[in-house]
Amino acid sequence: MVKPQALKYGDTIGIIAPANYSGASADTMVKDLEARGFKVVLGDSFYSKWYNFGGSDEIRAKDINNMFKNKEVKAIFCVRGGYGSIRLLDLIDFDTIRKNPKIFVGYSDITTLLMAISQKTGLVTFHGPMSSNYTNFDDITRISFFDTIMTDKDSYVLSDYLGADLRVISSGKAEGEIVGGNLSLIVASLGTKYEIDTKGKILFIEEVGEYTYRVDRMFQQLKLAGKFDDASGIILGSFTKANQEAPEDMPLQEVFYDSFGSLKKPVVSNFSSGHMRPFITVPIGAKAKMNTDTGKIEIVGGTVK
């Protein structure tokens, strides 16, 4: 595990659009970060547009590589998700990232980059909020986000940020690195050289806007690929707008219990991270422990230095 340097007030933050183009809402984040005392550098992709992307694949990949090369930039924030990150994987210079570890934040489609960077370099990345929804940050989301990337803590209880109890689907204790992110992107990695590795790890999953039968199908694919058996534990985040397409379709909670209830390892749901508020920032690649008896998910060894 490689921990990036903690962000400090006065540091420079690079903002890029590796998936969909930025949109006007990103301006709010820039103004807020500057008001907080940070400096901001915008990548070429920030104001670029090629179809629905933040510029061509080359522009977006170059932004990632250049932001990691730039010694002044201490953290990289992604503007939004959507689609496009998977197109960049073979264009990313992972050696440069390995030599210049720094904070990298995003979620949704950015899951692809969070997973690949973490697996290829060992760098802890951050499944955290992006500027496309910055105006909707609540206090818990802000506190969790800035605490996680700015505070050098040896350990902390990730679940303490939550305003609701975790729902236990399967009981037990587990420890291991946290991996995962958005369900669709986790599944998209299967069969590639960037395939998610869950062996001995705690798998975190969230999703948005998928019918429950599609969620079930993706769960079944991960199950058949051995990803659930390999994992030491599973955390189910927000599954926003995961509705039944037809009345006879399995409801979401039943999908959860059917998919995970018989696993002899800890599985919890109702963890508020993903496409909802509050949004708890999850450090991908950090070491963690989970215990369904105490209802706690604890980060061990910290996330930044």
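Even glycines carry a Cβ here, placed using N, Cα and C.
TrEMBL annotations: computationally assigned, not manually curated.
Listed features, source TrEMBL:
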DOMAIN    13-128  domain 'LD-carboxypeptidase N-terminal'
ACT_SITE  Ser108  active site, nucleophile
DOMAIN    175-290  domain 'LD-carboxypeptidase C-terminal'
ACT_SITE  Glu206  active site, charge relay system
ACT_SITE  His275  active site, charge relay system
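With the fewest other C-beta atoms within 10 Å around its C-beta, His275 stands out among the active-site residues Ser108, Glu206, His275. Helix, strand and coil counts from DSSP across the domain 'LD-carboxypeptidase C-terminal' (175-290) read 32 helix, 33 strand, 51 coil. Spacing of Ser108 (active site, nucleophile) relative to His275 (active site, charge relay system) is 8 Å (Cα to Cα, whole number). Within the model, the domain 'LD-carboxypeptidase C-terminal' (175-290) carries an average pLDDT of 97. In this structure, the CA atom of His275 (active site, charge relay system) is 8 Å away from the CA atom of Glu206 (active site, charge relay system). DSSP assigns Ser108 (active site, nucleophile) to a helix.
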